[in-house]
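Copied from Swiss-Prot, the annotated features are:
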| type | residues | note |
| --- | --- | --- |
| BINDING | 11, 12, 13, 14, 15, 16, 17, 18 | GTP binding site |
């Protein structure tokens, strides 16, 4: 069986992890990729149901599953990812033609990371509404994630946040690691995020041709 790449999508409650997934999946599917989505909630599978409703007609419901973790969000994706590993392996066996798995963690804090046994690539999502000081607060999600997504750029003027400050601090904390500003309502930045996924996770040779 081929090794299917897995992306972990983490971040604080309400940062827009699910919205990011719902934005990138249709684009990836249009490009010909076959996707699985796995979500985490503590006592429900509400996120999975939301994704199923939003992506109805785009991604079949059977390719979207929710995991009820019953406890701390980071435990289920880091210290003891057994429930998620079982879900991923079951879905991959059911859909062996899959090209990419997107696994959303439950909402957590700046210390969130994923077990390397569970994922191959880490996207961390923060939102502008939480304030422009978030990048400089650092934490594993800010500095160690493979891609940092700064979501909800449209809210900056309403909360007095400076996107330039967030840009400067992200560069300082992340060095050469990529980050992208997004607005899921207008799809601002989503194409850039998909480009990074294709280039760094799916190793799509067409990306370099498109950039030329």
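Each residue, glycine too, has its Cβ placed from N, Cα and C.
Annotated features taken from Swiss-Prot, shown on the structure.
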residue : record           : Cβ neighbours (10 Å)
11      : GTP binding site : 27
12      : GTP binding site : 19
13      : GTP binding site : 10
14      : GTP binding site : 15
15      : GTP binding site : 26
16      : GTP binding site : 24
17      : GTP binding site : 28
18      : GTP binding site : 22
